[in-house]
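Notes for the one structure printed next.
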Amino acid sequence: MLEQLLIFTRGGLILWTCKELGNALKGSPIDTLIRSCLLEERSGAASYNYDAPGASYTLKWTFHNELGLVFVAVYQRILHLLYVDDLLALVRREFSEIYDPKMTVYNDFDETFRQLRMEAEARAEELKKSKQMVKPVNNSKKQGQAQKAGFDKGNKKREGTSAAGGGDDNDEGKGRKLENGNSNGKNFEIDEPRMTAAVNGKENTSSNFSAFDVSKLQKRTKGGKKTDTVVNKGSKVDPKKKVTKKNRVWDDAPPETKLDFTDPVDGNGNEKMEVVPASQGESMMDVEEIISSDSGGEEDDNVQKDSKPEATKKGWFSSMFQSIAGKANLEKGDLEPALKALKDRLMTKNVAEEIAEKLCESVAASLEGKKLASFTRVSSTVQAAMEEALVRILTPRRSIDILRDVHAAKEQRKPYVVVFVGVNGVGKSTNLAKVAYWLLQHNVSVMMAACDTFRSGAVEQLRTHACRLQIPIFEKGYEKDPAIVAKEAIQEATRNGSDVVLVDTAGRMQDNEPLMRALSKLIYLNNPDLVLFVGEALVGNDAVDQLSKFNQKLADLSTSSTPRLIDGILLTKFDTIDDKVGAALSMVYISGAPVMFVGCGQSYTDLKKLNVKSIVKTLLK
């Protein structure tokens, strides 16, 4: 049974709800849908599953982009309602005819909706009966082909019959898959192109294998050997250029150059470390980055070049008239060339393919049916919509001001706790020291907690940073429970009056369950104010796997009913990627957590904020 159906504007004004259903929804599924799906550019998905204590709903929706309306249907997930998609389409068509922007109450639509629901349910029943009638015919056909295959004696006939039987099995499997897809609440119209692409991909690969010529491979191999011999001959021509190693002379004379680069040691055997005062240099976190506001004319031209085949199909005059006079409504076919060009461009910038595809689907859903303005090209419209979507994704959903939160925690006489987590070798300890340096410049007292009790040398590394920055460090050595060490460090900071505790943890892969369980215990036991995921800017597609599995493990292994997940992202090695900034978009899209810090160098000052406009401009350049 349908739980609720709502019609509201893009601005959030509810125009109509079904009074006949009148079911009070448990939790807040509509708010969660808007927050987690529509505002996060996931509106191209087929459906959304909402889970709350005592409630489990499936939500489906459709848009009327020209009028700015959203239609949402809610029903219990355990029920497989086949008529919801059809009902939403009917409601969208009927309501758009009576919609008036000046009206806010539509009581007369109740009777119309009752008739539309009865019509959609009747269609679903007829479709279900027709499928049940078709199934025995397929089975009898399959049995007849099996008997025919049994009576054939020739190998060729037997192979041909089995191939035909395999084709029917595949067709039947496709039909069953589509039927289950509808019953599971997935939209048939959205899933069909993906299935077609997969089938076409298989056919293409099979045809390529059958057309492969082995003789070409042998020729290439021989050619490779010939080039090797030529190179070897060339290397023997001029023996004078060969570099010989200079023999070392062992004598008692002291070396001319310094070979020992360790820190000097005083008479008592203690190392003399260079102290880095907080006034040595201004952190880049406090420097505003200025981005030129150049127009994206070049980008539009590139997209227009990619969509040139479509323009030639329609003809010069029709495309020119369309851009001047405007088009009645944008269709999916009009958007596909420009969206494909944008998808390819995002993937060249290191954005994960899955995320680039979802973004394009969401932009298509927001533009389909919208009226194209006069003197406007489709490519520029798509470009502007994608730019708005990227800015919306990368902009934090809530304001996270660490300095403000630190002072708020100080008024409550408790330290502000930040836990740094991530995979191995991304630079957690180094960037923790950069954050500490930035906090010191704002007159905030900091204490480090060495909770990486797993990796050899981790405590010594953090101790070196603490000595150079002249801040206290809490350590208990190795092979200790990191959760207990962090708890004692927070207690020590409370006694000493430290404002911030920066907790360093061991690097761990997202599939390492014992270490992930220890991390989940540390977060649950100490309840930090901020959980920062430290990731590399050059990981590319692996960022999606890392973040999604980190969040999944923290949720699954936590003993709390409301587990803590990742709150923010610190992106390291940002100075090594040139314009391949797609990892930032992939991480934010998959987790919903904002990028709060960006590491861009090897000194303590090389830490800055993420400039959203700069990233969007680079992604679309």
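Note: Cβ is positioned from N, Cα and C throughout, glycine not excepted.
All annotation found in TrEMBL is predicted automatically rather than curated by experts.
Taken from TrEMBL, the feature region 'Disordered' applies to 127-193 (among others).
Taken from TrEMBL, the feature compositional bias 'Polar residues' covers 137-146.
Residues annotated as compositional bias 'Basic and acidic residues' in TrEMBL: 150-160 (among others).
Per TrEMBL, the feature region 'Disordered' maps to 223-270 (among others).
According to TrEMBL, the feature compositional bias 'Basic and acidic residues' maps to 248-261 (among others).
Annotated region 'Disordered' per TrEMBL: 292-311 (among others), in sequence order.
Look at TrEMBL and you will find 292-301 tagged as compositional bias 'Acidic residues'.
The feature compositional bias 'Basic and acidic residues' is assigned by TrEMBL to 302-311 (among others).
Taking H, G and I as helix, E and B as strand and the rest as coil, DSSP gives the domain 'SRP54-type proteins GTP-binding' (594-607) the counts 0 helix, 6 strand, 8 coil. If you look up TrEMBL, you'll see 594-607 marked as domain 'SRP54-type proteins GTP-binding'.
Listed by sequence, the residues of this chain that lie at least six past the ends of the domain 'SRP54-type proteins GTP-binding' (594-607) yet keep a Cβ under 8 A from its Cβ atoms are 276, 280-285, 394-397, 400, 402, 427, 430-431, 433-435, 437-438, 469, 532, 537, 568-575, 584, 587-588. Looking at the domain 'SRP54-type proteins GTP-binding' (594-607) alone, the prediction's average pLDDT is 91.
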